[in-house]
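Below is one structure; the comments refer to it alone.
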């Protein structure tokens, strides 16, 4: 079983956490995420033009790039994480251009070598899969697809064709971190997705509080939290790991409790 | 390489111009982009849509724009040219359009499509402000709310156009992310669109973005080349030897070039902005960039070795973009169109030359084309013809030019 499959097979619903690489003390923040109870780590690759991101993650991208973060640094962060945490699944998330600039095979090989389990590329839809998907599959990295409120029943098979690892349900038609979807719409969407796929479904965009996370955990296999963590990094800088750990603990506790309720 | 039967059959049904173009957008937008494509195919096949478009171009925009022989410019460039050299220079006068540039052609087409699709809110990005003004204009004309994203840096250097947009009832939203210019305005446009997919139509101003935008913008702008071709044949019963147009994203250039692409004897020259020089800050994606993915398409971009987009510079806000439309990348790769670049200084010289020889104040964008024309005309025979697109007028740029020339006004 892959590390991702193992994480989603745990007795509780998965907490999927996002942080931007190179923004703040990333290695320590990643350790804090794991210690706090995160089950899957998404490591954001900063990009100059993060079109799908809201203000919090845009700012994190810019801070990271201004600090001089290079692709080689991100891969080194991933590799060191894999050494420290052999079992925790690590997903790289970002935009097409930094991932494909040296060719998809280069990126897939470098990510594999760094111990990466999955890749979420925001701006490569299934229609452009040849740009990156085949190279990832060839080395055994899961290309993780996104489904959104605008992905209708007719389109869903296109999204699922070639998807692996888990399915990331973007619960809001919008950019990251701004609004929270109505819980009833999430419930319906997850039920619809699960009727079409055996992949675990993780729900994200706008999730901030333990209560929201718990509500989602009652219906979905995973809960994704990103902007709220990135904001803690923005606020606390080098001191962020302790705050991140405490915050992740509060989310993990809520998710574990919610899992027991539905069990 | 074997030449294709036609250079005018791109893109394929997935929006690829050879290795360029495509649809690189977030999943939230993908269904919308597909819906737009379907709606555009239907509109393109509907004679009523074409009639409505043509009618507005004639009676609202003022088309056809004149084809003009620039006699004094031709003579001026012959001075100092080798014996027998100094081609005849003709202009397609798209600066005489309503709103002062070619941008309105595309906006008319896209707003008609938006209304056909039942969209009730219009957004757009703008660099120099010409596309913003054109979008605000058609929104006022059809009574739709209009939001224009504009880099904070561009708002500062294009104040007259900002005021025009506001007079026309548009809301101008300053963009302070990234480099505060056109590419960042386009990012904000995409973010707005993704958050308002149910009612919003994004009028992209250049022949770039996810499919079908590059094709659609080209089709709407092709009125420039279609008219010019017919006007040339009717006036002098021959086609030009060389077409010249400035390129930021490349909408006026592709609009001029596309109807001539299969005329094998017509050479074409696209002029990028070399800014302070190709070895310094510039906006010449083909000359100084490499292929990559940005704003929904694969095309030549200014970027570093990690694929981070680098900032473009040009004295012309309309050319200050780190990418280029994908069809230009394709035409460059197959060699059908030649591309060159012109510096800020050369463009300023050409700007003044046209003012003095022809009594036409051009925008800084076509001033780049005119600079290239000046070089080429001296290398070509006197019986040869250059046709350049005068894609915008310079009223908006007089403050920038004054500052560059050290004049206080």
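Each Cβ is built from the backbone N, Cα and C atoms, and glycine gets one as well.
Note that the structure is a prediction, hence the values are computed from the model and not measured.
Per TrEMBL, the features are as follows:
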type	residues	note
ACT_SITE	A:42	active site, proton acceptor
ACT_SITE	A:53	active site, proton acceptor
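According to its DSSP assignment, residue A:42 (active site, proton acceptor) is in a strand. Separating the Cα atoms of residue A:53 (active site, proton acceptor) and residue A:42 (active site, proton acceptor) is a whole-number distance of 15 Å.
Note: residue A:42 (active site, proton acceptor) has non-local neighbours A:16, A:17, A:18, A:19, A:91, A:92, A:93, A:120, A:224, A:226, i.e. same-chain residues 6+ apart with C-beta under 8 A of its own C-beta.
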